[in-house]
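Report on one structure; see the data block that follows.
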Amino acid sequence: MEIFPAIDLKEGRCVRLYQGEFSKETVMNEDPVAQAIIFEKFGAKTLHIVDLDGAIAGESLNLPIIEKICKAVRIPVQVGGGIRSLVAVEKLFSVGVDKVILGTAALYDKTFLEETVRLYKEKIIVGIDAKNGFVATRGWLDVSEISYIDLAKQMEKIGVQTIVFTDISKDGTLAGPNVEQLELLQKNVATRLIASGGVASIQDVKKLNDMNIYGVIIGKALYEKTIDLEEVLEVTKLC
């Protein structure tokens with residue numbers, strides 16, 4: 001199982017939100033580059049970065065910081081948030097990003113998604129964020145009438161190989177992942193799944209590993225030290 005430490009960028013800082021609410025933010029580190037270096041030092045193999053400002057604005061607003069992170073670490077970096085054009089995708093790759101995560105565009109611009117997947121194949125990940133089972137977009141501010149299962153099936157047909165699934169109600173809560181929704185997703189698609197939201201303990205990670213989930217994104221639990229990064233990397237290596 002892959003472990004992805006999370007760095008969420010807002011106004012140039014590393015923050016965590018509670019249940020996706022932008023008004024409920026906690027600054028975890030004023031220097032996201034330093035945080036990336038810390039994660040790498042403790043053994044992270046890949047970093048997961050979300051441009052929260054970009055998710056709302058519809059364009060990357062933290063590109064200079066993302067570029068600095070890519071230059072500061074030797075491990076791959078995957079980035080999501082506000083990426084809604086081929087130019088934006090190409091910019092991220094040009095500054096050293098390894099994989100790009102598309103969210104809102106996956107729901108509203110299938111032509112762009114199909115073209116991007118055709119060009120970059122496994123380098124394109126789709127992020128599906130759900131609220132009560134329905135897909136949320138534009139920085140989680142809008143909730144659609146499309147179920148997360150239906151969107152995942154559409155993504156699989158297009159050729160998307162990896163999906164990041166986030167249950168917004170769990171994000172930043174340390175309440176444990178939404179195992180039921182993940183199990184239902186597994187039954188409906190064969191894509192690789194990365195779980196995000198609510199992971200609070202080594203036991204949560206072991207449960208996801210037992211389900212054969214491809215990867216897990218861990219944010220608040222690392223910052224609040226309910227999960228030790230070195231320990232969880234060792235545990236998943238042995239599983």
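Glycine too: its Cβ is placed from the backbone N, Cα and C atoms.
According to Swiss-Prot:
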ACT_SITE  D8  active site, proton acceptor
ACT_SITE  D129  active site, proton donor
Reported as an integer number of Å, what is the Cα distance between D129 (active site, proton donor) and the residue listed as 'active site, proton acceptor'?
15
Close in space, distant in sequence - the residue listed as 'active site, proton acceptor', Cβ under 8 Å, 6 or more apart
C14, V15, R16, L17, I49, V50, L52, G219
